[in-house]
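Here is the structure we will look at, set down as structure tokens.
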Amino acid sequence: MGSEKVIEEKKQGQALLTDHKQGNHKKLFIESYGCQMNLNDTEIVASILSEEGYNTTHLLEEADLVLVNTCSIREKAEQTVRKRLEKYNAVKKINPAMKVGVLGCMAERLKSKFLEEEKIVDLVVGPDAYKDLPNLLAEVSAGRDAVNVILSKEETYGDISPVRLNSNGVSAFVSITRGCDNMCTFCVVPFTRGRERSRDPKSILEEVRDLVAKNYKEITLLGQNVDSYLWYGGGLKKDFKNASEIAKATAVDFAQLLDLAATEFQKTRFRFSTSNPQDMSLDVIHTMAKHENICKYIHLPVQSGSTTVLERMNRQHTREEYMELIDNIKKILPECSLSQDMIAGFCGETEEEHQDTLSLMEYVQYDFGFMFAYSERPGTPAEKRMEDDVQLAVKKRRLNEIIQLQREHGAYRMEQFIGKNVEVLIEGTSKKSDAHWKGRNSQNAMVIFPKGDEQIGDFVDILVEDCTSATLLGKRA
Ligand code: SF4
């Protein structure tokens with residue numbers, strides 16, 4: 001679930017812009033909420049609509065079409081979208097010809113109910129139906145409501161080259177899997193994004209080749225569960241067992257895909273997100289060790305440090321198995337940074353189980369974390385079968401304890417860089433000072449240093465001299 005929440009703040013709720021295609025006259029205002037997968041999907045949508053005569057605009061008032069790509073992971077994410085719809089409604093009074101569409105997980109969850117609940121909405125499109133957008137827009141032009149929320153067994157958008165929205169020209173996302181088969185009891189993703197399927201490695205490598213030719217320097221391979229990647233000629237992961245012997249023998253797993261990408265593009269950095277503990281193989285860790293250009297950072301959501309809570313969450317691994325995986329990562333990749341997702345106050349969580357979460361955090365000492373109090377999501381197994389019985393005040397207190405501990409560990413991990421040289425890929429000018437660059441090291445820590453004659457997209461060695469809780473400060477080594 002980690003990828004559901006790591007979208008960069010700056011990209012949330014802003015109109016996303018791309019280079020304009022000559023001859024396009026219609027104007028598209030498009031926004032993306034939620035995870036990096038959503039942002040990448042938004043880029044796919046902009047690419048499909050660019051072929052339909054749309055260029056992006058940052059002015060809501062002049063848009064012919066407004067699209068919002070939505071997230072359902074928490075109630076708050078859905079409330080944010082509802083507020084945006086109110087804003088669109090106000091603008092539609094000035095520009096009545098403007099059409100409004102809702103994309104993504106919330107569209108999939110609410111389906112045509114959306115049209116009843118939000119009168120402003122003209123079209124509702126689920127995550128696997130974006131290629132149907134031209135037909136749906138024709139329906140809307142003909143004065144009919146348009147809904148397509150059919151989930152696919154095959155769709156990976158492997159044949160669409162996404163346009164890069166609000167790009168820094170340095171880092172880009174490439175999606176490699178869609179959907180998730182894990183059925184964690186608290187999660188809506190299996191219902192909104194469907195069953196797990198992988199994209200043809202040829203089309204993945206082609207997209208990377210294209211990005212490298214355009215001078216991109218860092219590629220993040222994306223999926224709800226990247227470690228579960230398995231290409232055997234197409235189709236759902238769950239059907240692999242029925243594949244032919246030839247398909248099985250020539251199948252490509254995530255470690256092999258990483259190896260292929262890192263070997264072919266040695267000057268390009270690779271990251272990946274999100275990993276699920278039960279699917280992360282030793283082969284992946286060894287492949288990371290083999291290639292310097294695979295960043296030494298793993299986002300490894302655990303959600304709870306208690307085996308009994310993990311069982312209720314249907315996480316398919318125990319506390320001990322997770323610790324063994326951490327031991328292997330630390331042994332094979334001693335310089336690797338780690339981040340977590342944690343849920344405080346899941347159904348039935350006792351004080352002892354909460355203490356298990358804190359003690360697991362002490363064991364791992366994560367660099368970063370994404371921490372939330374449990375909030376029930378409609379339609380999930382937890383909502384149907386379990387009681388959301390931890391008092392809100394208790395959830396909040398436990399969450400604060402988790403956040404406080406993460407702060408201590410994050411600060412400790414940052415201090416370990418002081419006095420060391422780190423390689424930084426320059427992403428742009430620091431938000432706080434025009435005289436400084438910002439970029440990240442392999443471990444995903446943000447590094448700030450004074451500008452010299454470097455350029456955006458350069459790799460530079462930086463001597464770390466100081467740090468704040470979230471940033472390393474240094475100078476050219
Ligand atoms: S079902 Fe579990 S593994 Fe899959 S996206 Fe949700 S939290 Fe992540």
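Positions of Cβ are set from backbone N, Cα and C atoms, glycine also.
The following features are taken from TrEMBL:
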BINDING   C35, C71, C105  [4Fe-4S] cluster 1 binding site
BINDING   C180, C184, C187  [4Fe-4S] cluster 2 binding site
DOMAIN    26-142  domain 'MTTase N-terminal'
DOMAIN    166-413  domain 'Radical SAM core'
DOMAIN    415-477  domain 'TRAM'
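Less than 6 Å separates the Cβ from ligand 1 in the case of none of the binding-site residues C35, C71, C105. For C71 ([4Fe-4S] cluster 1 binding site), the number of other Cβ atoms no farther than 10 Å from its own Cβ, over all displayed protein chains, is 25. In the three-state DSSP reading, C105 ([4Fe-4S] cluster 1 binding site) counts as helix.
Here the Cα atom of C35 ([4Fe-4S] cluster 1 binding site) is found 18 Å from that of C184 ([4Fe-4S] cluster 2 binding site). DSSP classifies C35 ([4Fe-4S] cluster 1 binding site) as coil under the three-state reduction. Within 10 Å of the C-beta of C184 ([4Fe-4S] cluster 2 binding site) we count 22 further C-beta atoms, all protein chains included.
Break the domain 'TRAM' (415-477) down by DSSP state and the numbers are 1 helix, 34 strand, 28 coil. Each of the binding-site residues C35, C187 was scored by the number of other CB atoms within 10 Å of its CB, and the largest score is that of C35.
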